[in-house]
Amino acid sequence: MDAHALLSSQGWRGTGHSLHKTDDSIGLAKPLLLNRKDNTRGLGQKQHFTSDQWWMNAFDEQLKGIDTSKEGKVVQTVTTGKLNALEKNLGKYSVYTTFVRGGFLEGTIDKLTINDSSTESSETESSDQQEGDKSDKDKPRKETKEEKKVRKEAKRKRKEARAARRAEKAARRELKSKSKKSFKSSKSSKPSAESSDADEEKKRRRAKKDEKRRQRAKESGK
């Protein structure tokens, strides 16, 4: 793959320029330099650079401070070396002076478990109480003698009231039927009287006509 041709096709201006279209100060104008291994040093080879082996220097310092001048006694004369800084309360003034002491973090798992157990117990108690209330409601309660007497009296009064209403309805029906019958009879009597009056009127008219005919016949005979 030709990287130069690929970048040029994407708008790169060439070697010595950054990837920006107009300004070389934006971005990198020079290629990145990579470290390359050009020797045979590695694992298993002798290290020639000993200036950065601080741990070896610290041990050498401690070994040089050992005094063996007295027979059967070894005394360490170096007390402020690099390894001494690791001892208790020796390096805190140089290392921990920049830190600010704060509070300790407290765990919340135990509290959560306690709260969960308390909520579960309260829920179980409330559910048990609700079930007990439901069972009490479902159980039929026995009536006392007074309640039974009152219930029977109320039932008797309801029966009497129903009987009274039925009697009133029957009386109203009888009155309606009687009024209808009387109305019909009055209607039937009226046309009979009218018909008799009409017959009498017809008879009178006929008698008058016959009387007039007779008088005319008498006058014509004279």
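Keep in mind that glycine also has a Cβ here, set from the backbone N, Cα and C atoms.
Under the heading region 'Disordered', TrEMBL lists 115-222. The compositional bias 'Basic and acidic residues' annotation in TrEMBL covers 131-150, 161-177, 208-222. The annotation compositional bias 'Basic residues' is assigned in TrEMBL to 151-160. As annotated by TrEMBL, compositional bias 'Low complexity' applies to 185-195.
For the compositional bias 'Basic residues' (151-160), the number of residues in each DSSP class (helix H, G, I; strand E, B; coil) is 10 helix, 0 strand, 0 coil. In terms of DSSP secondary structure, the compositional bias 'Basic and acidic residues' (208-222) contains 14 helix, 0 strand, 1 coil.
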